[in-house]
Amino acid sequence: MNKFAAVLLVASMACLASVSAQCPRIVTRAQWGARAASTAQLPIRPAPWVVMHHTAGAHCTTDAACATQMRNIQNFHMNSNGWADIGYNFLVGENGAAYEGRGWGRQGAHAPGYNDRSVGMGVMGTFTNGIPNAAARTAARNLITCGVSLGHIASNYWLIGHRQAVATACPGNAFFNEIRTWPRFNPNV
């Protein structure tokens, strides 16, 4: 290998290590047992908005419990709501892992008016009176940073809570007050 190729290889590996260091552990659809689905590509990329949710259901703190929650949510979204797949692009568990829903570059079904221009992220659980634990909050913030680093979220994105897009209590009062302190939160939607 010549000297230029060696330098290029080292630089490429350093760049990949930097991106992966910013990304939380991402559990793929296959790893959590997702059903097959077909969803549209996100027409506006990179996404200029991140919409934060809670699932208003059970919390999960283990890989097995979070995988079960993902399957339950997907089944509800597909069977009861009639959607093509789980509505979110990603969900985070209180085990600190991010779970691939529709994934990067796919149009969600999580926030009318923003689905074609956003990445929908949420934390599994109900956060009306309390906020997600530190592991979940860190994973959610790192997932946003990861999306920016990988080019899926615009570097000048805006973060909003689901309640800012549509009349809902989501992402819960306590969690909404928390995300209002996060970088790039937009109070004036």
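For all residues, glycine too, the Cβ spot is worked out from N, Cα and C.
Note that TrEMBL annotation is computational and uncurated.
Values in this document were obtained by computation on a predicted structure and should not be read as measured data.
If you look up TrEMBL, you'll see CYS23-CYS146 (among others) marked as disulfide bond. With a 10 A radius on its CB, CYS23 (disulfide bond) counts 16 other CB atoms from all the protein chains.
According to TrEMBL, the feature disulfide bond maps to CYS60-CYS66 (among others). Residues within less than 8 Å, Cβ to Cβ, of CYS66 (disulfide bond) and separated from it by at least 6 positions along the same chain comprise VAL27, TRP32, CYS60, GLY93, ASN95, ALA97, TYR99, MET124.
If you look up TrEMBL, you'll see 24-166 marked as domain 'Peptidoglycan recognition protein family'.
Sequence annotations record features per position, and here TrEMBL assigns domain 'N-acetylmuramoyl-L-alanine amidase' to 37-172. For the domain 'N-acetylmuramoyl-L-alanine amidase' (37-172), the DSSP counts in helix, strand and coil order read 37 helix, 31 strand, 68 coil.
Residues annotated as signal peptide in TrEMBL: 1-21.
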- Could you tell me the mean pLDDT over the domain 'Peptidoglycan recognition protein family' (24-166), as a whole number? 97
- Determine the most Cβ-crowded residue among the disulfide-bonded residues CYS60, CYS146, using a 10 Å radius around each Cβ and all protein chains in the structure. CYS60
